[in-house]
């Protein structure tokens, strides 16, 4: 009989030949702007720790205190033995920050997207999704069983055409978009999307994963940045990027959150977020709101790097309005080579390749804790490669 697992080796060979193969690299020590990777100290431009809070002593102290009081795990589903007062405090803090009625915390942002989408739509419904949306939005759409149609990246006119042609054929319609697109750094046209959602009686779900803590006057995200606070929509985000912890959230109306508590499978049938992660996220939200200097320093770094990168000839810098700056390369092999050369020079900014993105690139993420000297070294190395 043939080996039923033999195809795995052939698939891996195909991945290798396409220069799509991926493997993990262990970071040693605490998260920060400078880390040790494979025994080499490198400047870290690969992290989503935008405010530099993952190594903040206050988050660590909050996590330790919660572990000492409540133990290491939540021990069960939130609907059974896994709910702690800390979870409720975190949900209230998120809802207050976002100026919504209620919030629900999941064990990850990925689970928040999959669970919310699966609960909101089904076989009789339509999903319209930006083609560059995160994998969690795309997979959530597929798993929901709804009819899924993509529209070209940020093309509101094309989305409207699809709504005109198809909306009347379905019970419900859910529009899905990232607010900050994680592999490009650009922003969705949120006010226009909200206008279309209202015009065609659609739900709008916006993933604020890379905007939470970063965008808007108080760091509440792109909804705040665009002046759309208070308008009817579904906001999803993560606690694992600018907030330096782990977990995801959904925030919106009381009815929405109450419904998800009863219908979102990835919340109902999984263990609640650990006390340590919950307490760390709660501490991070307080810091993000009370200490705007972290966000101000982040944006100072973003603007400084963008200004310097624009002076490098032939660097194909992609449009961005966030701490994510990318420059495009011709092929996966070139991206891998540039990423390797950067690492040899003490810069950690790995290659991003298909199928994650349509075109290969180097993705640079800024942090509030980057120093001017870090940014200047990155630019000097890129100039040398160019």
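Quick reminder: no glycine exception, Cβ is built from N, Cα and C everywhere.
Among the candidates 81, 182, 266, the residue that Swiss-Prot annotates alongside 109, 110, 207, 208, 209, 210, 238, 239, 240, 241 as binding pyridoxal 5'-phosphate is 182. When Swiss-Prot records 22, 134 as binding substrate, the matching candidate from 278, 356, 359 it lists for that site is 356. Binding residues for pyridoxal 5'-phosphate (109, 110, 182, 207, 208, 209, 210, 238, 239, 240, 241) extend across at most 15 Å, taking the greatest CA-CA distance. Under the DSSP three-state reduction, residue 109 (pyridoxal 5'-phosphate binding site) is assigned to helix. Cα spacing between residue 210 (pyridoxal 5'-phosphate binding site) and residue 134 (substrate binding site): 11 Å, rounded to the nearest whole number. Once the Cα atoms of 22, 134, 356, the listed binders of substrate, are compared pairwise, the greatest separation found is 18 Å. Cα separation, residue 109 (pyridoxal 5'-phosphate binding site) to residue 22 (substrate binding site), rounded: 22 Å.
Of the candidate binding-site residues, 182, 208, 239, 241, the one lying closest to residue 134 (substrate binding site) when CA atoms are compared is 182.
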